[in-house]
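Under the heading domain 'UvrD-like helicase ATP-binding', TrEMBL lists 160-537. Per TrEMBL, the feature ATP binding site maps to G181, G182, P183, G184, T185, G186, K187, T188.
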Amino acid sequence: MYGRLDAEKSDIGAVRARLMGSSVDGAEARRARDAEIARLDRALGRLQLAERSLCFGRLDSSAGESLHIGRVGLRSESGEILLVDWRAEASRPFYAATLASPLGVRRRRHVRVEARRIVDVSDEILDGSIPTAMDAVGDGPLVSALSGARTGRMREAATTLQREQDDVVRSEHRGVMVVDGGPGTGKTIVALHRAAYVLYAFPTIAERGVLVFGPNRRFLAYISEVLPSLGENDVELATAPDLVGVEATRSEPDAVARAKGRRSFGDALARMVQERQPHGVALRLTTAHGQVVLDASRVDAARRSALQGGIGHNRARNLFLEHVVDDLVNELEQQTAKEISDFEDELKDIGVDLDRMFARRPGDHEPDDIESSSDGLDIDWDRIRDDLLGDAGIDRIVSGAWPRLRAEDVLRELLTDPDALARAMPELSGEHIASIGSEAEKGWSRADLAALDEARALIDGPVETTYGHVVVDEAQQLSEMEWRMLMRRCPSRSMTIVGDLAQAGPTTTITGWEDALEPFVAGRYAHHTLTVNYRTTAEILDAAMPLLARIAPSQRISYSIRHGGAPTYLTVADTDVNAALDDLVARFRNEHPDDLVGIIAATRRVPGIEGGSLGDGAVVVPAPDARGLEFGAVIIVDPDEIEGESDAGLRDLYVAQTRATKRLITLTITSADAAVLPG
Ligand SMILES: Nc1ncnc2c1ncn2[C@@H]1O[C@H](COP(=O)(O)OP(=O)(O)OP(=O)(O)O)[C@@H](O)[C@H]1O
């Protein structure tokens, strides 16, 4: 297989070199050549990424046929199949076969390859037959993957995707799919493998781009290596600031962020923009050709037809200008015709007959021209229309009724208009409303970003960059306005949405998936729930259950497949926290040198801990940012402080309790000397 991999790489390299060296005539041909070279580069990149564990599985059927499964598909020179891509239909039994339903598979083999050598083989016999000397039945690769060290970067799991996960990854559903489940059930793993599957199996969707949206950059860094290691580099990873192209530089009270995240805030923006469009007013237009007043009903009709295409306030303004100028020219034409005929009548009254004066002698052609001379034949109305479209005076009058706007200005205007805010956010106190205004000049907050995106859509029209498929991770975090921001980027509504409502943060405004999706795909989405926890041991999960019972009593409880030590609870004096952490980290790292320790604390406590002398074996994470992350060991510092820090404090604590793969330690802080240091 590696021989064929090398041969394919060098074949592609040769074609590429030939193309580079060939001469092309004209821009069209050059574009076609560049596109072909880019395609070859992508194919080459994919083959290079397949180098690491090229083949990781093998299926042997009860009928004696076998199939190798790996990162890419490969054929021999004579065309027979050597290796099947893990996403191909033929690979499905590798993930779907079970003891209860072996799908014709006798043996499923996991192969581990390092530096092109097989270093481990592990078999499962699925059809009930007796293992032979040729079978290597032992501890499964899933268990070894799960108990492996956590180094701060998520790893792909194409080799060990489990059946309930694989059903989602390989689903034929092309619309919106929601995947929920408790912490550690593999929602992120499923979402990322789904992205890889979409790229492979739905080429027309993939062509339009795939976006993976995550809550913050720390999380994106954590998952950043999964897709490349699956051979997929054509996926964009983004957070809200990336999508909007603006950084959030200011924090604000959760209640304010929540209010800004509601639909009603978007509606207030829309009203603000509508108020900058003419409603029920007449337009007085003065031109070199005369003065015209367009009455309110014609102005309203022009406004309605300009807005019909949903192209945004500024571009609709240009259409409005065109409608106004059309009406204006019609009006001028009629005025002129009337003036000429009035003039003729006056002349007739004093005995002058224009028709007779201009009449040609008998024998001349085109008697019609004589008729039309009185209709203003010499006036080129098309040219006048063009002139008026570029006329600064008309532009000024239209701008008075329909000004060009900037999204930033409109949002600032709303944020500094206490009356409009009070109408849009009836739940906020006067104090909060006032604070919004005084903070607005100091930069944007996180919640402002979605509002800015909304204002841009209203003013500048649909976003330019859209995607064929959008994956949303930690989706419980999104506000209604953020849902709109994402939907705007996925007009085809092909999405994979993963999240866990029990882990929702303080600024979430939705209460359920139906609530979130109803405005976009009411009732038309698939829903899956994952049930097995692959992260924490059963002991750690058990310790988190009382909290889950308080947060989401109706949530189906997941179960863990691994066991380990019971969580530890310690008490230390405030002044000894850093010394205790040093000690705990050192002890854990001694036993598990490659495993990262996550120290999770209330946001306000983080700087104090970071100021300590922790080595690189540990990272300090503010509790609200711990969503989605995972560590070998987790030390929770002062759970009460985490719980009390925000409206979502209890859920933050639940998230913190479910991040560890091996050990969970909780440090309670006391100012008394009675603290018990870990002994
Ligand atoms: N099939 C699998 N094979 C190997 N590892 C897996 C598999 N499924 C999940 N895992 C591992 O289990 C851990 C938890 O998975 P993941 O982070 O996707 O869960 P999650 O449901 O997104 O969790 P949370 O809700 O806490 O963010 C990760 O380390 C992941 O790599």
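Cβ from N, Cα, C; glycine included.
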Quiz item: For T185 (ATP binding site), what is the tally of other C-beta atoms lying within 10 angstroms of its C-beta?
Solution: 25
Quiz prompt | Structural state of G181 (ATP binding site), classified by DSSP into three states | solution = strand
Quiz prompt | Non-site residues, in chain order, whose CB comes within 8 A of the mean position of the CB atoms of G181, G182, P183, G184, T185, G186, K187, T188 at ATP | solution = D500, L530, N533, Y534, R535, S558
Quiz prompt | Same-chain residues at least 6 apart in sequence whose Cβ lies under 8 Å from P183 (ATP binding site) | solution = D500, Q503, N533, R535, T536, A544, S558, Y654, V655, T658, R659
Quiz item: What same-chain residues, at least 6 away in sequence, bring their CB to under 8 Å of the CB of T188 (ATP binding site)?
Solution: M154, I223, D473, V498, G628
Quiz prompt | Integer mean pLDDT for the domain 'UvrD-like helicase ATP-binding' (160-537) | solution = 89
Practice problem: With an 8 Å cut-off on Cβ-Cβ distance and a minimum sequence separation of at least 6, pull the same-chain contacts of G181 (ATP binding site), or say none. | Solution: K187, D500, T529, L530, T531, S558
Quiz item: Which is it, of G182, G184, G186: the one of these binding-site residues whose Cβ has the most other Cβ atoms within 10 Å?
Solution: G182
Practice problem: Take the Cβ of K187 (ATP binding site) and count every other Cβ within 10 Å, whichever protein chain it belongs to. | Solution: 27
